[in-house]
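Step one of this worksheet: look at the structure below.
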């Protein structure tokens, strides 16, 4: 097409006949279609020099093209020359300029152009306002975006595009209530929400943890009736699976079938991932078989979900087979897959294979992330390779809170209290904030060493720094006190834990019961059993009275 247009212009310019302005402008406009816009810009001054006057649509096309090239200033200069060429810039001209300034991030110039339109005309239309609103939202200036919405209300009603922008931006800002209000206002204005708006709302509610509202929106959409597409269903199913709501996810999957919407690999991957995270490996593998039966092929992310799930379920051998399968299909495992396999190898005691997988990451040019480094450190510590772990920590690029916590925990468990305290101080000096796990690891070490004064001093620091002690922290302190026979103090820590809203488990009760047994304190044991019953850890049907009698008898027996 561009060649034909150039041949036309060559014939026109070489002809002795006066050029036909209409034909020339039509040919000029054709150049912007096939991607020959730069050539069209070069031809424009040649037109003018040969007495061919460009029409306004031709000039507007040139202005819009310059804006798409991110040259709004050049577009402004061209627009300013339009009157000299016998035309008057219209709303299309100004909308192109406003869009160009917004694309380049110059919202001040864009705003000035809108002001010029409002003062001197032509009046802005929905395209003008929508361009400004979406750009202001993207630049995190919602208050100005809403101000333009108010200006829009004064001259005209927002259209479906406006409401779509509002819904999308409110969802991205984590404000699903405002997004829903925008859609309801849209319906009140007589504009029916379309599939895109419902999909955006459902996705936004899912990402903000509002799964019940997302399900209601889905049912509302079906009642209009408005058929969902696979993108809508994928957003909802993914949100449900991430929250472990697998029954609801299965219901949506069934409704998909009733609406004639075929699941894609994204939907299937979400279902598989959801069941793995719920610990239901068999259901996850059933959905994997269904995926294959439908002729769908997993991508790298899908294989990552399956391999990670198998590793987490202690089925390393099957995970290795899945890796072999993906490689046979020409897909290379990414950092997530290699990290899952490495972590599983370390947990099963296969240190050599774990090291090999870490080296494979490096040899392939993959940068181990914080999770990979954490898996490596944790695996080395748990397999008793203290020196190698310390060496890897020094070399690690991701020395953050997680890696420091693993180092501190590993050193504490190996009994290297001095190095653990040093690592804790280094963490603070590096500007990293120790979390409850770092504190609890050190407290456990102090308790094992019998240094309860230091353990409680650290707990005091922990509270002051805002790292709230959890069940494990309190259980550790109670264990340390019970080992010293300080049961009154142990019970005080237990009561303080209850007062903080932390629900006890059977482990902390076992610690207290063991301490009371050593002191032959039958009364406290009986009270403890009643306490366990209160928290649902001891059921009547297993014989509370019998257990109480047995423990009291043991406590009363000096032998």
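Yeah, the Cβs are placed from backbone N, Cα and C, and that goes for glycine too.
Pulled from TrEMBL, these are the features on record:
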- 90-124: repeat 'PPR' (REPEAT)
- 159-193: repeat 'PPR' (REPEAT)
- 194-228: repeat 'PPR' (REPEAT)
- 229-263: repeat 'PPR' (REPEAT)
- 264-298: repeat 'PPR' (REPEAT)
- 299-333: repeat 'PPR' (REPEAT)
- 334-368: repeat 'PPR' (REPEAT)
- 400-434: repeat 'PPR' (REPEAT)
- 435-469: repeat 'PPR' (REPEAT)
- 470-504: repeat 'PPR' (REPEAT)
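Taking Cβ pairs closer than 8 Å, the repeat 'PPR' (264-298) reaches residues 230, 233-234, 237-238, 240-242, 244, 246, 249, 253, 256, 305-306, 308-310, 312-313, 315, 326, 329 in its own chain, all 6 or more past its ends. Only residues 6 or more beyond the boundaries of the repeat 'PPR' (229-263), in the same chain, are considered here, and those with a CB under 8 A from a CB of the stretch are 195, 198-199, 202-203, 205-207, 209, 211, 214-215, 218, 221-222, 270-271, 273-275, 277-278, 280, 283, 294, 296.
With a cut-off of 8 Å between Cβ atoms, the residues of this chain six or more beyond the repeat 'PPR' (90-124) that come close are 56, 59-60, 63-64, 66-68, 70-72, 75-76, 79, 82, 131-132, 135-136, 139, 141, 148, 151, 155.
Long-range contacts of the repeat 'PPR' (400-434) within its own chain (CB-CB distance under 8 A, at least 6 residues past either end) are made by residues 370, 373-374, 377-378, 380-382, 384, 386, 389-390, 393, 441-442, 444-446, 448-449, 465, 467. Helix, strand and coil residue tallies for the repeat 'PPR' (435-469), in that order: 26 helix, 0 strand, 9 coil [DSSP]. Mean model confidence of the repeat 'PPR' (229-263) amounts to 95 (pLDDT, 0 to 100 scale).
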